[in-house]
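Chemist: Pasting a structure below so you can have a look.
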Amino acid sequence: YLSNYRTNYLTNYQSIQLTNYQSNRISKHIPLYMKDYPKPNVENTNNYRESSALSSKFFQLQSNNQKKKKVVIIGGGLSGLSCAKYLTDAGHIPIVLEARDVLGGKVSAWQDEDGDWIETGLHIFFGAYPNMMNLIKELDIEDRLQWKIHQMIFAMQELPGEFTTFDFIPGIPAPFNFGLAILLNQKMLTLAEKLQTAPPLIPMLIQGQEFIDKQDELSVTDFMRKYGMPERINEEVFIAMAKALDFIDPDKLSMTVVLTAMNRFLNEDNGLQMAFLDGNQPDRLCQPLKEYIEKRGGQVLLNKPVKEIIINPIDNSIKHLVLKSNEIIEADEFISSVPVDIMKRLLPKAWSAMPYFRQMDELEGIPVINLHLWFDKKLIGVDHLCFSRSPLLSVYADMSITCKEYYDPNKSMLELVFAPCSPLAGGSVNWMSKSDDEIIHATLIELERLFPTEVAADGSKAKLRKYAVVRTPRSVYAAIPGRNKYRPSQLTPIPNFTLAGDWTSQKFLGSMEGAVLSGKLAAEVVSERAAGIKSDKPIKEIPQNIIEKSKTFVPKEPLGISGDGPFAYGGGAVLSKSFRNQLEISDPEQLIATTK
């Protein structure tokens, strides 16, 4: 029955070329067209309902006649913009200060001299992103998501040019749809290996987050060996997952990250269904947020880098901000939504010995490289995200197929995540220090395996018309074992200061969803304080080792932001000569050539 159901499902629901993926044979004679699918039901989950309830809470707070506050938010990424959006819903007046000339932070993008969009990263929207799904609905831009078939596609390591899939059959509820998708796949794991993999994951389903959090001291490979999971599950699945989730190899990644993702995906029918934004992020996602905020009295300002946080000596609260232009910015409340590495540099001397802030010593952003490759012909591809399972590449997509704005029926534009790209992430080479040509050459060697009939590293097949290598020296926080406990709560010990950012404590990790949720939680802290409501979310418990270290810490003046440009503020950029000079000033260790 399942065999017949599966055949009918693939033929009717998916289209004929995807039947070929099942047999791991993709014919180069079959044309591939963009095909989007209806929005899945993402609303019928507890996480979505919880997120929706929090959205409604802001309007309720507004009706409580609370005092309207002027709130300055440092940083115009997703966390800062979502924070400002929800503050306006609660009746406050947010002012977003973005240091750069573009919004979005880790989802920022810009146009090159040809008018082509260059993106900081390859970003995917999952059904299991309840806060992002709520936000998109509230902005009335649901039609901007291009949903793809409910499927995961993996390149076959041992069979160059071929793919295999996990297919999620409609109508089968979670977690059985995930289990069935794995069982029906005959190419990646044996039945014995699949059965051996399942038992260690059962506590995750039964005990939930309590069990998941306890695994933070273990890497993915440590967890596997502790619970007797087969080594091939690492090669077949976990390497791809680890690099997609945090740009890190499994021997460096905390198992809490993998289990958190799996717990979300396994417990929601459509949690793993993916969507692409239909165009560039600044116009299609950030601009609607900006318009929403400004329509309700807020402000979103570009080119407003903060130089210093000035405090009141009596209670350590913030008195005002000083911008690099020496402009003074005053407000009732202040929120930082900048990356952890930037927050460290802005930390006032009077705060520097507080245990709450000393936790940041244990956190740092991880380097990542995003590539854009424009070819002179159409490559055999998939209208979806593909897990490359390559030693150097994480995930990739042919954006000329998956995204309406970038659609091209005749030529391919691949967007790829190059990871791990540093020893911190488990790599053997610091690729951040390499030239663009070296990175592209290494990438083409990997693509020659993925597209053996079409791509050759020597350029004898499909011609590479142009490329862009986007380096982000400090991207999402490095989720190495033992770090989750140091992620601080949004509520801080400072009376008028709140933290946001995907690196702060929230249950959706370093991701777009985590960024949106952190901004929402920060807005809740400020709105409840303005309404005179005591928060039911106290400051997160601080590890004892941090408390002990803080006792002997000598307060220090803030380092301040070194240099200028995107690298200085935690962003990504193509490494031009001027940007290389900026990186040498703001983060020189990224340019040190190292090999393990």
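In case you wondered, yes, glycine gets a Cβ from its N, Cα and C as well.
Found this in TrEMBL, in case it helps:
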{"type": "DOMAIN", "residues": "78-526", "note": "domain 'Amine oxidase'"}
{"type": "BINDING", "residues": "Ser79, Glu98, Ala99, Val306", "note": "FAD binding site"}
Chemist: Sort out the sequence-distant neighbours of Glu98 (FAD binding site) for me: same chain, 6+ apart, CB within less than 8 Å of its CB, listed by position.
Modeler: Gly75, Gly76, Gly80, Val300, Leu301, Leu302, Asn303, Lys304
Chemist: Given the FAD site residues Ser79, Glu98, Ala99, Val306, which other residues of that chain have a Cβ within 8 Å of the mean position of their Cβ atoms, reported in sequence order?
Modeler: Ile73, Ile74, Gly75, Gly76, Gly77, Gly80, Val96, Leu97, Arg100, Gly105, Lys304, Pro305, Ser337, Val338, Tyr569
Chemist: Within the domain 'Amine oxidase' (78-526) only, compute the mean pLDDT.
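Modeler: Averaged over the domain 'Amine oxidase' (78-526), per-residue pLDDT gives 93.
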Chemist: Determine the Cβ neighbour count for Ser79 (FAD binding site): the number of other Cβ atoms within 10 Å of its Cβ.
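Modeler: Excluding its own Cβ, Ser79 (FAD binding site) sees 35 Cβ atoms within 10 Å.
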